[in-house]
Amino acid sequence: MLAHDEREPLITPALPADRSGYGTVENARDAMSKFVVNNVAGESGRKLPQYIAGLAASGGALAAGTFLGWTAPTDKPLTVEGEYGFPVSDEQFSWVGSISNLGAALMCFPIGYMMKLIGRKWSMLAMVLPLVLGWLLIIFAENVAMLMVGRFFLGVGGGAFCVAAPTYTAEIAQPSIRGTLGTFFQLMVTVGILFVYAVGAGVDVQVLSIICGVIPLVFGAIFFFMPESPYYFVEKGRYSEASSSLKWLRGAQYDENAEIEDLKQADEKIKAEAIPMLVAFRQKATVRALWISLGLMFFQQLSGINAVIFYNSAIFASANGGKEMSSASIIVGGIQVVATLLASVVVDKVGRRILLLVSDLMMAVSTILLAVYFQLKQDDPAKVDDLSWLAVLAVCLFIAMFSIGYGPVPWLMVGELFANNVKAFASPIAGVFNWLLAFLVTKVFTNLKDAMGEAGVFWLFSGISLLGTVFVFLVVPETKGKSLNDIQRLLGGEKLNDEPANMPESRDERDERPSLVA
């Protein structure tokens, strides 16, 4: 969550890839490309169609990123320059920015039921409607109310994508590439934000909104030709259609029978182990998983990401001799993309706890530097004339550290901490909590700044980040290299024997892949 509403992208779980290595290549054509055909732990089939479907689904992430980043380049044109021909106060714009979070929170539970009812594919295609409607209301807005309603619809569509697209990607991908496909969504959200920053620097608000409105239409046109998740067809007992879906995803020569049997067993297991919500929350593992998930979401949203992004233009301008830098947001967006890409590469190597600890500690250092900077500026502006570079460095460091740790990792861990038989209602609770916090922080930030001053706000956020570091150190377990069964045992209080971190997944473990739909 970023300034007003360009909140740090809702980053969803990147699922660990299988590490068991490549096996024998069956024929000369397959040998030409390991990218196209692999045999991994008995896994065969073409990979290229899976990459195509995964990228197509991530078009929804690009659409979500555009609405998340839209408020950064449109703030001054609407509130100061009156570009739309009607007045928009700072208070009204804070509502325009934050109300999309309510729309996203509203969809966390319904989208799960939609995916079970009409499928993952058609649920995502249905979300094109609220996205296009939202952009149309913004493009032709004649008052603040139309802007607010438009932003609410964008939140509905974008928030639904943040649940549906990662679920679809996890279900279509084979274990050897599931981790890679899982990073597409995270990366495309940040690319969408960077896209809006870059385009918004050169066009007016209406043109920017028209361009953003075209993206969900392009997504719909492409994704219409992608297959439905085979797991959905198995859930519904439509096995011939599941077979066709797997043939599309794995290639015409792929023998899908064994995988369909695996999916049947996984579906039967989930249905057999289904338990009521109240019973689930009497289990120690579920309660602890929820406590950890909500704690991570709390410290993510109250880390100070809003304040840092809100002030980045002013800080960059100060370092530029007082002249506003149109490239400030583009630089920040670029840092987000690079750091998120780096996080996707290292998260399965160094572990979740290390990334969270380093991320939160360095964010605390960054906000302390900014608090000192604004305190000195408040006491005597002349004192900071030669320190602008330090403030710029602190902003860049903060954005990089947030994007590599506390941005993506909490969402990854939500997908890992909950057992499959409680995930359908436990994961959306974490999502709703995150979006509601996003709404609260974006809405009250301006009031908080007025009450405490710039320095006071950054001192507050630095203290929260230090508390978040302590929380991770004392409460959050390491899940790297552990099967979902082992994670549940760990949360339940059992001690696990040390195992190699990069053990290949067994078939049963692959069946238990993180998913937001049980």
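Heads up, the Cβ atoms here are built off N, Cα and C, so glycines get one too.
TrEMBL entries are annotated by machine, without manual review.
Features of the protein shown, as given by TrEMBL:
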COMPBIAS  505-518  compositional bias 'Basic and acidic residues'
DOMAIN    53-480  domain 'Major facilitator superfamily (MFS) profile'
REGION    495-518  region 'Disordered'
TRANSMEM  51-72  transmembrane segment
TRANSMEM  92-115  transmembrane segment
TRANSMEM  122-141  transmembrane segment
TRANSMEM  147-168  transmembrane segment
TRANSMEM  180-199  transmembrane segment
TRANSMEM  205-226  transmembrane segment
TRANSMEM  290-316  transmembrane segment
TRANSMEM  328-347  transmembrane segment
TRANSMEM  354-376  transmembrane segment
TRANSMEM  388-412  transmembrane segment
TRANSMEM  424-445  transmembrane segment
TRANSMEM  457-476  transmembrane segment
For the transmembrane segment (51-72), distant same-chain residues with Cβ under 8 A (at least six beyond the ends): 2-7, 9-10, 93, 96-97, 100, 124, 127, 131, 134, 151, 154-155, 157-159, 161-162, 164-165, 168-169, 172-173, 177, 181, 184-197, 200, 208-209, 212, 215-216, 218-219, 222-223, 226-227, 249, 309, 329, 333
PLDDT averaged over the residues of the domain 'Major facilitator superfamily (MFS) profile' (53-480): 86
Criterion met for the transmembrane segment (122-141) and the transmembrane segment (354-376) (at least three Cβ pairs under 8 Å): no
Contact between the transmembrane segment (290-316) and the transmembrane segment (205-226) (3 or more Cβ pairs under 8 Å, separation 6+): no
Cβ-based contact of the transmembrane segment (328-347) with the transmembrane segment (388-412), 3 or more pairs under 8 Å: yes
Contact between the transmembrane segment (388-412) and the transmembrane segment (424-445) (at least 3 Cβ pairs under 8 Å, separation 6+): no
Seg_contact(the transmembrane segment (147-168), the transmembrane segment (424-445)) with at least 3 CB pairs under 8 angstroms, min sep 6: yes
